[in-house]
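These notes are about the structure you will find just below.
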């Protein structure tokens, strides 16, 4: 994402590398919170005798480390690590590309708040098509109930395709579309607005630029998380449900699934896992923006721009 509206986007290869570095940096720091978030989101109702139940984020962290070992907090990380390069490259490259497209379409010389939200939403939809198979694998590996079924990422893919067919790898596409549209519109929309409100960084002052990016990215990540958590909850449920021929899954489409969760578990259930999610994606959004901007600035200097 360019620091200003007149800066020409770099070629896709540079976007890809910068997005990959930013994404992998964020995932290595924040991944355990994603595991906790998924475990909490997959819980339905109240505790059942004989089944592990988590009373919030810290209880979940404690029980995972105590009962399964610290390494379990990084179970399933191979899928997101492999996903981060194309995912983050698509996020930022699509945002820059769609931004230029919409400015040209509407005859706008500079980015506006409305265009920032529209651009972010479209970039989120674009990104969704890249991430669905990786998200599906990650969810299956993170769920404790299916931990013994799979021996790593490739085994998950093999067993899903064998049991449910190749199209099952895109199970949850619709809910993922909604999740990413909401998060990206909130993220990039807030970044635009917060940057406009912050004191402008002095030319060449990297510490001020980093400060502004960290603040804008963290606020943007928090706003995106507030907007998209209900869709993330139902996405986790949809992707953790194996397809059975002739049987309609309980969680199938995003908005009906939202209604089902609200009816059976109450509105608060739509925000299960919110604390670990916002603690990850709030600061994580800041990390993403700081690293991405830093790598892109490095490439611009290297190219003499």
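Yeah, the Cβs are placed from backbone N, Cα and C, and that goes for glycine too.
For 10-101, the entry in Swiss-Prot reads repeat 'Solcar 1', with the evidence type sequence analysis.
Within the chain carrying the transmembrane segment (16-36), a Cβ under 8 angstroms from the stretch's Cβ atoms is held by residues 57, 60-61, 64, 72-77, 80-81, 84-93, 138, 142, 273, 276-277, 279-281, 283-284, 287-289, 291-292, 295-296, 299, all 6 or more beyond its ends. The transmembrane segment annotation in Swiss-Prot covers 16-36 (among others) and rests on sequence analysis.
Here Swiss-Prot flags 78-98 (among others) as transmembrane segment.
Annotated repeat 'Solcar 2' per Swiss-Prot: 111-197, in sequence order, evidence recorded as sequence analysis. Averaged across the repeat 'Solcar 2' (111-197), pLDDT for the predicted model comes to 90.
Within the chain, the transmembrane segment (118-137) has long-range Cβ neighbours (under 8 A, six or more residues past its boundaries) at 76, 79-80, 82-83, 86-87, 90-91, 94-95, 98-99, 102, 111, 153, 156-157, 160, 168-173, 176-177, 179-189, 235, 239. What Swiss-Prot records for 118-137 (among others) is transmembrane segment, and it gives sequence analysis as the kind of evidence.
The annotation transmembrane segment is assigned in Swiss-Prot to 176-196 (among others).
Marked as transmembrane segment by Swiss-Prot on the basis of sequence analysis: 208-228 (among others).
Taken from Swiss-Prot, the feature repeat 'Solcar 3' applies to 211-298.
Long-range contacts of the transmembrane segment (270-291) within the same chain: residues 1, 18, 21-23, 25-26, 29-30, 33-34, 36-41, 43, 56-57, 60, 88, 183, 187, 191, 210, 213-222, 224-226, 229-230, 232-234, 258, 261-262, each at least 6 residues beyond the stretch ends and with a Cβ under 8 Å from a Cβ of the stretch. Feature annotation from Swiss-Prot assigns transmembrane segment to 270-291 (among others).
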* Structure fact -> Across the repeat 'Solcar 2' (111-197), DSSP labelling yields 75 helix, 0 strand, 12 coil
